[in-house]
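A.B. asks: First, the structure itself, so that you have it in front of you.
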Amino acid sequence: MVKAYLRYEQASSFGVITSLESNISYDSTGKHVLAPALEKVGIWHVRQGICTKTLVPSSSRVGKSLAVTSIASSASTSVAVGYADGSIRIWDSEKGTCETTLNGHKGAVTALRYNKAGSMFASGSKDNDVILWDVVGETGLFRLRGHRDQVTDLVFLDDGKKLVTASKDKFLRVWDLETQHCMQIISGHHTEVWSVDVDPEEKYLVTGSADQELRFYAVKQNMPHVSVVSDSNANGVDASGDHLTENKWEVLIPFGEIQRQTKDRVASVRFSNSGSLLACQMAGKTIEIFQVLDETEAKRKAKRRLRRKEKKTSKEGVENGDASNETEKADTVTTPTVPDVFKLLQVIRAGRKISSFSFCPITPKDSLATLALSLNNNSLEFYTLKSSENEKTATIEHQGHRSDVRSVALSADNTLLMSTSHSEVKIWNPSTGSCLRTIDSGYGICSLIVPKSKYGIVGTKSGVLEIIDIGSATKVEDVEAHGGTIWSIAPIPDDTGFVTVSADHEVKFWEYQVKKAGQKAKQLTVSNVRSMKMNDDVLAVAISPDAKHIAVALLDSTVKVFYVDSLKFFLSLYGHKLPVMCIDISSDGALIVTGSQDKNIKIWGLDFGDCHKSIFAHDDSVMGVKFVRNTHYMFSIGKDRLVKYWDADKFELLLTLGGHHAEIWCFAVSNRGDFLVTGSHDRSMRRWDRTEEPFFLEEEKEKRLDELFESEIDNAAENRHGSEEEITEEGVAGLAKKTTVDVLSAADSIIEALELAENEKNRIAEYEEEKTRGTVPDLAPNVVMLGLSPSEFVLKTISKEKTNDLEHILLPLPFSDALKLLSYMESWSLIPEKVELVCRIATIVLQTHHNQLVTTPAARPILSVLRDILHAKVKESKDTIGYNLAAMDHLKQMMASRSDAPFRDAKAKLMEIRSQQAKRMEARLDTKTERKRKKKQKRLEDGHGHAWA
């Protein structure tokens, strides 16, 4: 009988607040910040400091392919998220649901930007291409090719009619989106252009690179005259071309430049939503904030500069008088320059390197703006900008480690999880992923939670054992344990103590003791009861469940096994070519497994020390191995970012679990084996749960082979089409979509459905022919086609696919199959809800096979029938939609005329009530002031009367 195993799947991941690969962004309300968390996007409430929602892709593919690389939020609740595999997902940030997935790029998405209306967005990628996407139609419009290196940033101009793109090829390109061509190429940058942005009024465009200056360009408006003159003489920028002879294709005119304060390259430049501030983020710890002065202030500043210049020239000798007069005349014509418009306001200095920043769309009353910063130590900081200073208002850092997770340990009842990192210990709830406690500590390399008590033991890099009280979140004691790094810690099975091994060549046995901390309080302490000196650094330790043997791994690549009671030598296990990093012994004490830097796992018998099997397990060093309790199943982790599940009796790989984005350092398996938790260099911890879904070994092997085959197909397709795409004309548009394995499989399923339908047609024809000859039994329905007619079956197959992928799905269809498809459309067009689908399919087929259809006589009857039907059906659908819209509008007007109108605009009604209240208040004030005036006048009159008397 074939053995079945239970599948393990990723249940949750936690510990990451913000990752480094992508930018952060505020949502449209300004209350939440969207922060990338590896493959997820966390929506953090700014005031409460909690993650309210998480945007997680449904298809969790193995490896780093799904890392978030770019985020752009629109004016509505729609959010575009770009990933490392080139896909883009549109999310609804309120509902937390994925609206659609768009595939077009072959490299990671590096830039995303919505137009002002939010109906369209552009994406740039590492594949050097820019793609325009239709948000409503959920499809790619066209691809813009021309850049020779990665596209780093992009911005819309002229109400979304033009697009400016920046690239690492040192050029800016201006694209006309109506003609889909490049209309201007701007050179002048000496290094890669990393960021570009335009102010809300579209007057100035700024670029940031590794050059020492920020470059500014004046945006030519759709007006007969241009008021801005480039400051080429003052700043040394050579504006190519004479400005007197105006070039109609020139959209960006060089305006000038400003020297930056720091030498680091520019990472990002962004204007605030009001346009009054410009922030320039460096690739270090600083952000320079510039104030954008309005036109009157800029002119005033320019006049003051001219006056100073006039005074300076007047002090010169009389001989240069004529020349000075000429310069004065010339200078009086000069309009404001870049230093007149952009004034350095302040510099924000963060404690760690800044990954990205975002302006809050809502400006606070008592300050200029609010900034959100993501730092490279897995934290978010919020700053309020005032006229002369900046103030850090909030920090989100509790829900994650500042550096990579080096060890994890589960409590005996699996209700607590302890993790250690460079400077702190955190206690988690492993089922919810919420952080319960944070304790400052040293660099924790290994850890364990003491059974039957709420204490934790941490072994540090400095050789100190730290005893931590989990309940009070305090460090109780530091014990000077070893003279070198404590590499591993293992509990003694009778729960009376533990064993530590270190780089100082020593193996030490420790015992738990209780000491009085006060009059009544008691606290845990440890004491060293035995020690054993080895010849080399000891890297790992394991004790057999019966407490009979202890196994230690040495730096010389061997594993030594001793008796626990007498510490006498028992076995030496040698065979690894590089040092052994981890050891574990099975519950029955029969097997010992070792994992090494040589990427191999070796399974040994503990009775004679014979090697049962050596398995090439990972593509990099094996960092951990552990048996599931009371079984011979085991898990292994490696620097190749994978968790693997093995059967140690059959020496077979059962499952490969991928999901981490960096090396996995540590993991812990629950006592019942129902879940495990892994900790990684990417600062995340992931929980993997055992499900009730059984799987078979042969099926998993076939699945792995299929995945390998599909990846090879992808690579072959990219290599085959790569040379063709390089030849394409520069600065022009191409198709937006890319062919994926899913698209090819969808095309195969349609071809297969057409073939089945054709066979069914022939079967029905034969049956009808036999029926005319004599009596035959009734025709049995086709089980493969689910009892449907040929036409219905093909329609059902096509309806399963996304409409925006239809063009790429129908492209591989042979001409004969395309003709079959057209023949079914007459019957499909009779179904009202399928008219749009039929029209789309007909258009795609006609565009793809136009030349063959024109020259094929058999296609003419089908085309003439479709021409007559489709026009009428489209008009009918159009009329229906128009009638429904008019009816809805009529209903809205009817309901609006009533007092209890649900369609009435609540905001307008509120404004109306407020204005009425304001008018009443004004009327009351007027009457009050009138009364006071009359009383005063009466008093004065009475006073005058008495005086005369």
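Positions of Cβ are set from backbone N, Cα and C atoms, glycine also.
All annotation found in TrEMBL is predicted automatically rather than curated by experts.
For reference, TrEMBL lists these features for the protein:
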REPEAT    79-101  repeat 'WD'
REPEAT    102-135  repeat 'WD'
REPEAT    144-185  repeat 'WD'
REPEAT    186-227  repeat 'WD'
COMPBIAS  301-312  compositional bias 'Basic residues'
REGION    301-332  region 'Disordered'
REPEAT    398-438  repeat 'WD'
REPEAT    479-511  repeat 'WD'
REPEAT    573-614  repeat 'WD'
REPEAT    615-656  repeat 'WD'
REPEAT    657-689  repeat 'WD'
DOMAIN    791-893  domain 'Small-subunit processome Utp12'
REGION    917-949  region 'Disordered'
COMPBIAS  919-929  compositional bias 'Basic and acidic residues'
COMPBIAS  939-949  compositional bias 'Basic and acidic residues'
A.B. asks: Which bits of the chain, at least 6 residues beyond where the repeat 'WD' (398-438) starts or stops, bring a Cβ under 8 A of a Cβ in it?
C.D. replies: 12-17, 49, 51, 377-379, 444-449, 451-452, 456, 458, 466, 468, 470, 473, 662, 665-672, 675, 677-685, 687
A.B. asks: Can you count helix, strand and coil residues in the repeat 'WD' (573-614) using DSSP?
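C.D. replies: Going by DSSP assignments, the repeat 'WD' (573-614) contains 0 helix, 23 strand, 19 coil.
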A.B. asks: What same-chain residues lie close to the repeat 'WD' (479-511): Cβ under 8 Å, and 6 or more beyond its ends?
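C.D. replies: Non-local partners: 445-448, 451-452, 457, 459-467, 525-547, 550, 552.
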A.B. asks: What else in the chain is close to the repeat 'WD' (186-227), if you only count residues 6 or more beyond its ends and a Cβ gap under 8 Å?
C.D. replies: 149, 152-155, 157-158, 164-174, 237-238, 246, 250-260, 263, 265-271, 273-275, 278, 280, 292, 335, 338, 341-342
A.B. asks: Just give the helix, strand and coil counts over the repeat 'WD' (186-227), going by DSSP.
C.D. replies: 0 helix, 20 strand, 22 coil
A.B. asks: How do the residues of the repeat 'WD' (144-185) split into helix, strand and coil according to DSSP?
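C.D. replies: Split by secondary structure, the repeat 'WD' (144-185) comes out as 0 helix, 25 strand, 17 coil.
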A.B. asks: By DSSP, how many residues in the repeat 'WD' (479-511) are helix, how many strand, and how many coil?
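C.D. replies: DSSP classes over the repeat 'WD' (479-511) add up to 0 helix, 20 strand, 13 coil.
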